[in-house]
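**Q** Positions annotated as transmembrane segment by TrEMBL: 6-28, 54-78, 93-114, 126-146, 184-203, 215-237, 314-333, 345-363.
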Amino acid sequence: MSAIFLHWGFTPYAIYSIPALAVALAIYNRNQAFSLSSPISPLLGKHAPRYANLIDMICLFALVSGMSASLGAGILSITGGLGSMWPALNSPLLIPLVTTGIITAFILSASSGIDHGIKNLSRINFFFFILFSLAIALLGPGKQIIMLSLQGFQELIGSYIPLSLQLGEIRNSEWTQSWSVFNWANWMAWAPITALFLGKIAYGRTVREFLLFNWFLPACFCLAWMGIFGGSTLYFASEGPVNFRELLKTMGPESIIYEVISLIGHAELLQPAFIIAMFISYVTAADSGTEAMASLSMKKFDLQQLDSDNRLKVTWGLLVGILAWVMITFAGIDGVKMLSNLGGLPALFLLATIMISLWKIMWQPSKYL
């Protein structure tokens, strides 16, 4: 549980929020261009415009890889659920059909604008996740969920530095090398473009409000969600380890959550609800990413207008979807990990530079703000 909380808690949302804060300060307080070169201009100085296109290209490359990896994981999860509920659907056409459905949904949502499609879909996503998590918490092993969550959070606090930096025996763990690297790379691949999107919609917010709504509250909700589902999974896996091990080996990791739901009961209601929740979740994440990529691709983007060119949204959406489909078709979950690592590496250096720049602004606010 401590590893789950590390991968899906305060640290990953800080990976989003810190560069997003730097972007918001750059474009609104310092009146700079809508580019990822703007938040690092305190380090680049007068050379910032010269490197703007290169930095934005790195950012777009990272996000295309990160979005494709996330979309690939979502497609595997949804197809796994559909195949589990209705075995007759298991065919080579299932993956391209699900891929097409997700791509179409997030392109339409992004094309309808921030104030309509993205905002409304985000609200639906939030309330759907609240209701679904409450249902699992009430119907599932509630006592064990609470105990495992508290134990995991205690372990996280006590081992935060070793877990974060992969120190000691943790470094030699095959699971850590496989999944921790994948998760961190995926968060980092998404971070530059997410920073642009969150920074773009941050106008009129204080720094405190910005961090509250983009870091603290989302991380708390994600910890609760992971506590409920992670706790349920660990409890049922400990009760029947052989069954879960066989499922993981034969059906893949995407099958585990559906087995947990079937053990909780009311699978005929909860499994379709979970598939819908996953669909909405991936569409919500992808449409905001597509919106930000389209904005970054425009030669002259007006921050007062907020919405970007729909043709660019369609282009980026199709590219992400095709790449995700190709990777999961020919490489499965290993292809998803490969894409994640590919996007996370260049983003790592960009994020480190943004953090140093933000630190410089904090020490000399009168000079830069």
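Using N, Cα and C of the backbone, Cβ positions are placed for all residues, glycine too.
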**Q** Same-chain Cβ contacts of the transmembrane segment (184-203) under 8 Å, 6 or more residues past its ends?
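**A** Same-chain contacts beyond the ends: 7, 12, 15-17, 19-24, 26-28, 34, 36, 39, 58-60, 62-63, 65-67, 69-70, 114, 210, 214, 285, 288-289, 291-293, 295-296, 303, 306, 340-341, 343-345, 347-348, 350-351, 354.
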**Q** Based on Cβ pairs under 8 Å, which of the stretches 54-78, 93-114, 126-146, 215-237, 345-363 lies most in contact with the transmembrane segment (314-333)?
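**A** Result: 54-78.
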**Q** Could you check whether the transmembrane segment (345-363) and the transmembrane segment (54-78) come into contact, where contact means at least 3 Cβ pairs under 8 Å with the two residues of each pair 6 or more apart in sequence?
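**A** Per Cβ check, the transmembrane segment (345-363) touches the transmembrane segment (54-78).
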**Q** For the transmembrane segment (93-114), what are the same-chain contacts with Cβ under 8 Å, counting residues 6+ beyond its ends?
**A** 71, 74-75, 78-79, 82-83, 121, 201, 279, 282-284, 286-288, 290-291, 294, 306-307, 310, 313-314, 317-318, 320-321, 324-325, 328-329
**Q** The transmembrane segment (215-237): which same-chain residues, six or more beyond its ends, come within Cβ distance under 8 Å?
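**A** Sequence-distant neighbours of the transmembrane segment (215-237): 1, 4-5, 8-10, 12-14, 16-17, 129, 133, 136-137, 140-141, 144-149, 152-153, 244, 256-257, 259-260, 263-264.
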